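Worksheet for the structure shown next.
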Amino acid sequence: MGDEWSSDANEAVSIELVEADANALRTLHRFHPKFTYPIFGEEERIFGYKALDITFRFAAHDLRPNCIISYDRKFPAIADTAALDIRDALKDFIPAAAFAKAIDFEETVQNDSSAQDFTPPGKLVKSYSRKGRNFEIWSGSLLDSRVRETINRMQIFISFFIEAGTPLNTTDADWTLDRWTVYFVYEKSSRPSPPTRSPYTFIGYATTYRFYTFRPRYQTSPESGDAHVSDIVLPSKEEITAAALPSRLRISQFLILPPHQSSGHGSALYNSIYSYALADSTIRELTVEDPSEEFDMLRDINDWKVLEPKFAATDVKINTSPFDPSQKRRLRRLPTPKLLPIETLRSIRSETKIAPRQFARQLEMYLLSLIPFSHRAAGGTNLTKLLIQKFKTSDPHDKSYYWWRLILKQRIFKKNRDVLLQLEGNERQQKIDEAARAQEDEYEKLLLIFATSKAKEPLKNGNSETAGEVLVKERKRKLVVDEDEDDDPNSPSLEPDAKVARSDGKIPQF
């Protein structure tokens, strides 16, 4: 009986973007949610209906919502067993106006004479084109009543598409609302349309939040090296706003609707936010709240385009002779190696405003890319021999790779220190090696993506193959992802690979 009356919530729920047309509403896109567990529970099932269909319709321009619930039969209540009250389950996720009659919604959208004059909330910050179509990005503070109205209408998208996402509190105090900025992505069409159709169609959105951050009172003079009191100019009491205080900017929510994904809109949106952070002198760095794997990929690709040229221009590389000969060895211990140009890296990070963890990952990828593929694990280098010779190897590429692995392992150890110190020495080393290899494999995949994107760059020597194609062919021949099916599930482990790979490691500090 349970299966007969139980529906898969992800299949039962559908989302439509609609617009006015000549005689009736026209559906532009129809798609299903990725998640429904915040609304219908962990199993994402709805009990009590046959042929259940829940359709959320949104006006494509202003996201006015309408919810239609239909079914063939409803389970007759027996004692304490009854069909789920769907409207009650949805009431905290969508405005009450969404439950208006379908005919009323259709008449409102179809006959909205103001639609042609509609502009997205906030102000226009970026325009761009994709395949002959025009798009715009608008941004506004959550203090703006139109921004709040639009967010309230679309809050359910958070539960449908953002893992562990939390709807925004749009009734918070003005001081808090002013810390939030919302970015909207719209397509702007120039096609002929009836007078009640807006040229704008919603594509996606993102939200950012400003966290106050302390600035160091003492700074070091680059000329003398002496510490001095930094000059901090505080705004007057009348001028104090969230935007006037030194802050970290955090991307909180980020969504491109499924019909528009993999079309470059995510990068356009991310780069708009990043450009704003760079231009605002009060923002110290740009961070991300609990990013998904998909967003991490997008972020890595776009941050690489920023950092790789800067690393190359400043000749950032591993010092393969890192020991200062003036330092004396004591008790058979080597002095601290000087592997990286720390001051140069600090300067680049400060300039680019990229958060420490993300900067360290990008740096590790860049340093790995400088080592010839044949001298890396993915390219078949002899790790056993390298571990025996260590930094005393005569090959400069092997030296670089040895020190690179040490830098990576150092960061992993710092992140997982409390867990690792509970293990015996050999087991601890094994866990660090496993985590480092998982991270290196991830870097190799990303570097392959970067190499592929350069496949159209011509070789300077006139070869008919491009530089990217040569590198991609070499890597594809040798790059193999190992899958160990013999792992002991009861063995103590570090955090999951993705989390270890995304750790907030602090070695080296920038």
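Including glycine, each Cβ sits where the backbone N, Cα and C put it.
Per TrEMBL, the feature active site, proton donor/acceptor maps to Glu289. All protein chains considered, the CB of Glu289 (active site, proton donor/acceptor) has 15 other CB atoms within 10 Å.
What TrEMBL lists as acetyl-CoA binding site is Phe254, Leu255, Ile256, Gln261, Ser262, Ser263, Gly264, His265, Gly266, Ser267. Within 10 Å of the C-beta of Phe254 (acetyl-CoA binding site) we count 26 further C-beta atoms, all protein chains included.
For 496-510, the entry in TrEMBL reads compositional bias 'Basic and acidic residues'.
Look at TrEMBL and you will find 5-163 tagged as domain 'Histone acetyl transferase HAT1 N-terminal'.
Sequence-distant neighbours of Trp175 (site 'Interaction with histone H4 N-terminus'): residues of the same chain at least 6 apart with a C-beta under 8 Å from its C-beta are Ala242. Residues or ranges marked as site 'Interaction with histone H4 N-terminus' by TrEMBL: Trp175.
Looking at Phe254 (acetyl-CoA binding site) and Glu289 (active site, proton donor/acceptor), their Cα atoms lie 10 Å from each other.
Counting Cβ atoms from all protein chains shown, Ile256 (acetyl-CoA binding site) has 23 others lying within 10 Å of its own Cβ.
Other than Phe254, Leu255, Ile256, Gln261, Ser262, Ser263, Gly264, His265, Gly266, Ser267, the residues of this chain whose Cβ falls within 8 Å of the Cβ centroid of the acetyl-CoA site are, in sequence order, Gly204, His260, Ala268, Leu269, Leu298.
Each of the binding-site residues Gly264, Gly266 was ranked by the number of other C-beta atoms within 10 Å, and first place falls to Gly266. Each residue contributes its Cα atom, and for Glu289 (active site, proton donor/acceptor) and Gly266 (acetyl-CoA binding site) these two points are 16 Å apart. Of all residue pairs in the acetyl-CoA-binding list (Phe254, Leu255, Ile256, Gln261, Ser262, Ser263, Gly264, His265, Gly266, Ser267), the one with the greatest Cα separation is 15 Å apart.
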